[in-house]
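Quick look at what TrEMBL lists:
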{"type": "TRANSMEM", "residues": "25-48", "note": "transmembrane segment"}
{"type": "TRANSMEM", "residues": "69-89", "note": "transmembrane segment"}
{"type": "TRANSMEM", "residues": "95-113", "note": "transmembrane segment"}
{"type": "TRANSMEM", "residues": "133-153", "note": "transmembrane segment"}
{"type": "TRANSMEM", "residues": "173-194", "note": "transmembrane segment"}
{"type": "REGION", "residues": "205-245", "note": "region 'Disordered'"}
{"type": "COMPBIAS", "residues": "205-219", "note": "compositional bias 'Basic and acidic residues'"}
{"type": "COMPBIAS", "residues": "220-245", "note": "compositional bias 'Polar residues'"}
Amino acid sequence: MEHAKAMDEHLNDTSKLRPAEKNQIALIFGVITCVAGIFGVSLGSLIAQHWKTGKFCFAHRRSERADPIVSAVGSFVAAPLMFVAFSLITTDQLLSWFVVFLTILCLCLNWAINMDMLMSIIVPERRSIASAIQILFSHLFGDASGPYLVGAISDFVRGSSDLPADRFHSLIVAFYLPNALLFLSGAAFLGAAYSLPADLKRMEAEKAAAERERRERSPKPTTSATIGPSSANIGPQGRQNEAFE
């Protein structure tokens, strides 16, 4: 957005933008990210939960595949929205901000249900390490390496030019990479939707087997000797017989 603003004002560098303009762009993007993130996570969780339990509009369409399907829809919808948002920056920034909001909202649909889906197919004894591996790879191939790759592609496309217009267009080209990855993530979620029922059954079988193994290994409680009713309840007639003898 800053490069587009500098290009519109015919500036040679984004550092020449007024501080108020840069602060306004940062504030707008921050507010959009926070609001879209909150609504996206909440909306994705509600839709997936109601779909899995068969509530409201999903009363007759209950499905245990709800988590990966909602995640796939979010990825497939976010991909073209991101392309549209970048295309509108130079023509209508207000509309572009709105499309950015929709894009982030769709991207955040899978944040909570992705972890819920992971925990549902892992036995309790392995959930900690599974969560750690998921977080490691999501950051390793996401926010850790993503900005570097986008920046490297942008620098390669831009060449030696430092003009804001060239920086802007090179960044647009560089963002085609995460745009394409969104389609790959949607396809991966569809694959997860296909295998999820079998994974859930496998997890339940492993959980039941582990429970049986724990019961077999646990020591059985010892039973103490009990006094029978004939010796415990000796009536008056019994005592008279003992005295007579």
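Heads up, the Cβ atoms here are built off N, Cα and C, so glycines get one too.
TrEMBL: automatically predicted annotations, no manual curation.
Quick caveat, the model's predicted, so the values are computed rather than measured.
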Selection from 25-48, 69-89, 133-153, the stretch that has most Cβ pairs under 8 A to the transmembrane segment (95-113): 25-48
DSSP helix/strand/coil residue counts for the compositional bias 'Basic and acidic residues' (205-219): 13 helix, 0 strand, 2 coil
